[in-house]
Amino acid sequence: MATGGGAEEERKRGRPQLLPPARPAARGEEADGGREKMGWAQVVKNLAEKKGEFREPRPPRREEESGGGGGSAGLGGPAGLAAPDLGDFPPAGRGDPKGRRRDPAGEAVDPRKKKGAAEAGRRKKAEAAAAAMATPARPGEAEDAAERPLQDEPAAAAGPGKGRFLVRICFQGDEGACPTRDFVVGALILRSIGMDPSDIYAVIQIPGSREFDVSFRSAEKLALFLRVYEEKREQEDCWENFVVLGRSKSSLKTLFILFRNETVDVEDIVTWLKRHCDVLAVPVKVTDRFGIWTGEYKCEIELRQGEGGVRHLPGAFFLGAERGYSWYKGQPKTCFKCGSRTHMSGSCTQDRCFRCGEEGHLSPYCRKGIVCNLCGKRGHAFAQCPKAVHNSVAAQLTGVAGH
């Protein structure tokens, strides 16, 4: 045959002849591989039985039933032994990216855990973003911004109750004789004090009220008003029956006054008080739990400002020959003779004249004119003082000494 002859010619020429692959040998190798796979499956099953985690073999897939691969038929395993499943193998070793620890409770728990973790993560991110966008403001920042004056306007009074440069002018005369707002602004503030209209932010009077609230544009203007007021209030008659309040909350006091003689007239007490402080209300009698008068008077006052600060009332004083005592919260204890706070009058070595009120000599050796201890003017004593109740026309007509 030509084919056989061609092959012989090739052998004669010394060329190697390519032989077809040996199929029976390949089938034998597959059979050997099948036996190796069967042996590994048996080992896995034995390990699973020892651990108690052996699972029933699942039914074969359709691809396996249809005989899509020849390897399954070539296994030739014993009856009842199925191909190993992935769940039958032990957990993968450390470092295997596909390995994971199986939950004994089943895979049904994992979705809930993952969902809860995702929600917690989103909630933390949202809180962090909100904290970054809305930084908590400094306490009181809104109030400070509201009190800050506008840039295009002159500095005015700030919010109510804070930073207001305010005084209150009160009329203490008869209600029917209360002056108008024009008198307070024109005669008192502008003419007597000498303020400029641009220094004043507002002058407020409630209809029917005897109080005038004066708001200044700065603390300097307020200080100027108070300084001039202390000078003019005793010199000019226009300030009679007027008092200025609201200079300092610490200057408001509840005063108690006591005399050994209960016949001292309350109007004389008010006259003496007006020399040293501003009387906000008429003194009233203090009674005990039985309703009996204790001899004390109580009233609300406002201390005045001096060069060194608040000017306090003396703890002891005289109205005529009657000695009176005063006290209030915060009143310093001073010597009656020299006014020192380091000692009392019992140990004081300073001489003081009770006739003229000056230091350095005693009353029997006084060569100066007498000074009234009620009104503070020189030239007459308390008995002849025109401001004393017993010298008033009303007292002479009625014969009442002021009770």
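Residue positions begin at 1 at the first shown residue.
Note: Cβ is positioned from N, Cα and C throughout, glycine not excepted.
Candidates Tyr201, Tyr297 were compared with Swiss-Prot; the annotation phosphotyrosine appears at Tyr201.
Zinc finger is the annotation Swiss-Prot gives to one range among 228-243, 308-323, 372-387, and that range is 372-387. Checked against Swiss-Prot, the range among 207-222, 335-350 recorded as zinc finger is 335-350.
Of the candidate ranges 148-164, 352-368, Swiss-Prot annotates residues 352-368 with the feature zinc finger. Helix, strand and coil content of the zinc finger (372-387), in residues and according to DSSP, is 3 helix, 1 strand, 12 coil.
DSSP assigns Tyr201 (phosphotyrosine) to a strand. Among residues of the same chain six or more beyond the zinc finger (372-387), those with a C-beta under 8 A of the stretch's C-beta atoms are 268, 271-272, 275, 317-321, 356-357. For the zinc finger (352-368), the model gives a mean pLDDT of 80.
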